[in-house]
Amino acid sequence: MGKVKTRFAPSPTGWLHLGNARTAIFSYLFAKHHGGRLVLRIEDTDRERSKKEFETAIIEDLKWLGIDWDEGPYRQSERFEIYKKYVDLLLEKGYAYRCFCTQEELEAEREKAKKEGRPYRYNGKCRHLSKEEIEKNLKEGKPYTIRFKVPDGREIVFNDLIKGEVRFNVNDFGDFVIVRSDGSPVYNFVVVIDDAIMGITHVIRGEDHLSNTPKQILLYEALGFPIPKFAHLPIILGEDRSKLSKRHGAVSVRQYRIDGYLPEALLNFLSLLGWYPKDGKEILSKEELIERFDLEDIHNAPAVFNREKLHWMNGVYIREVLDLDDLTQRVINYLKQYGEKLSPEDQKVAKEILKKPFGYVKEVVSKVRDSFFTLKEFPQRAKPFFLEEYTLSPEAEKQIEKATPEVAKNITQLFLEKVKKAETFGGEEFKKAAKEVSKELKLKPGMVFKTLRIALTGETQGVGLDLLADVVGKDSVIKRLERFLTLLK
Ligand code: GLU
């Protein structure tokens, strides 16, 4: 293959959508696999809907995902001069013409087509205006669009690298607008100019653009540009098999960031939406993805977005892939960046976490990394390590009632005595003392552990108490037990 060049061409009209992120990832992986280049191009010709803040956010989120481009960002809004040159060329060569039809006229035609039950296409009225008529209209200052003259009856056939052979009859769409009446060129036109000038060899994009492709091919031909290869990616569906949308929950990369997902896991997960490596390996680093990725392994069938799998995969990265220092730093950075978006209870924990030295947080992370799947879940899982002054959960209160407060008190008091007597108090000592309490009070070990869990954490379930004792140490254990006794009164 010659030098590969791909592009990612987002419109800055919203947050980076998961589907677009996958397009960016595939374009990146394909270019890198073939030793080629990726261009980033911001498609902001729609002045009303394009927003600078979305452009900034898209760029930030791409960087966060680990996608780096070799050229750009180009902005189409800064390239109008270039487009104008090609519009003039098409007009001059008779491939395009000015259309002075008014909105009302076009609307009436559309209505008529609808009534007659046939698909609407422009009737070509302005195709044959004489030079004089055009001059006159221009002199009168009549607004106009510029339309591409679609050759009658042509069939456009191209070989999509994913869809296979695709055929379109141009009669289905008729002469289409390439420049709006406000002078702004439209997507189907500028995309061709840019892809051609930028030397794009492979256009990789969502399936929703498949029907634009014949129009673009006509423009390539008219302008004498070489036609790139096209690869249209299968649509992404939610688990109910309808098109992935907000109804299915978060669909923007930013929301997954806020929800505590790791960029490596999201990149890995999105790469497997429609593509699967030959060797079946699922947990893949960026380098491994680049090594394996090719368009021929993309399935021409809708990909189903499985949120649970993403959650699972993120957990794998937390448990097995990141090293402990790195993971700890990510937890801290996450809480600094998005802490204020957590629930009030988690915010309280987050504040305590951020007060602690790195080494302490790291120790806690090492104890609980098996039990949290996203960074957002960390405060909840790690709470007992950071909050000595908990409030009893409703289940805990119920449990104490059931066991009777009297029994809870006896267990706690006896255990407290043993802790106080111990020189140091860690996990081993915890287990030993709990067993002794059970023996001496003739209570089942389960009952003793349950009570001590509540006494130390305020909850009926959670982290291993020996692990907790190991990290928080004797003083904190004593403080918690004493406080619990006051809660029982
Ligand atoms: N700006 C277009 C979009 O966001 C990209 C179209 C293309 O890749 O050709 O859908």
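Just so you know, glycine gets a Cβ as well, placed from its N, Cα and C.
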Stretch carrying motif ''KMSKS' region' according to TrEMBL (options 123-127, 243-247, 393-397): 243-247
Annotated stretch (motif ''HIGH' region', per TrEMBL) among the listed ranges 10-20, 109-119, 131-141, 208-218: 10-20
Non-site residues, in chain order, whose CB comes within 8 A of the mean position of the CB atoms of CYS99, CYS101, CYS126, HIS128 at Zn(2+): TYR97, ARG98, PHE100, GLY124, LYS125, ARG127, LEU129, ARG147
Rounded to the nearest Å - Cα separation of CYS126 (Zn(2+) binding site) and LYS246 (ATP binding site): 42
For CYS99 (Zn(2+) binding site): DSSP state (helix, strand, coil): strand
Remote residues contacting the motif ''HIGH' region' (10-20) - C-beta distance under 8 A, at least 6 residues beyond either end: 42-44, 46, 49-52, 54-55, 57-58, 61-62, 206, 235-236, 244, 251-256, 270, 305
Model confidence over the motif ''KMSKS' region' (243-247) (mean pLDDT, whole number): 88
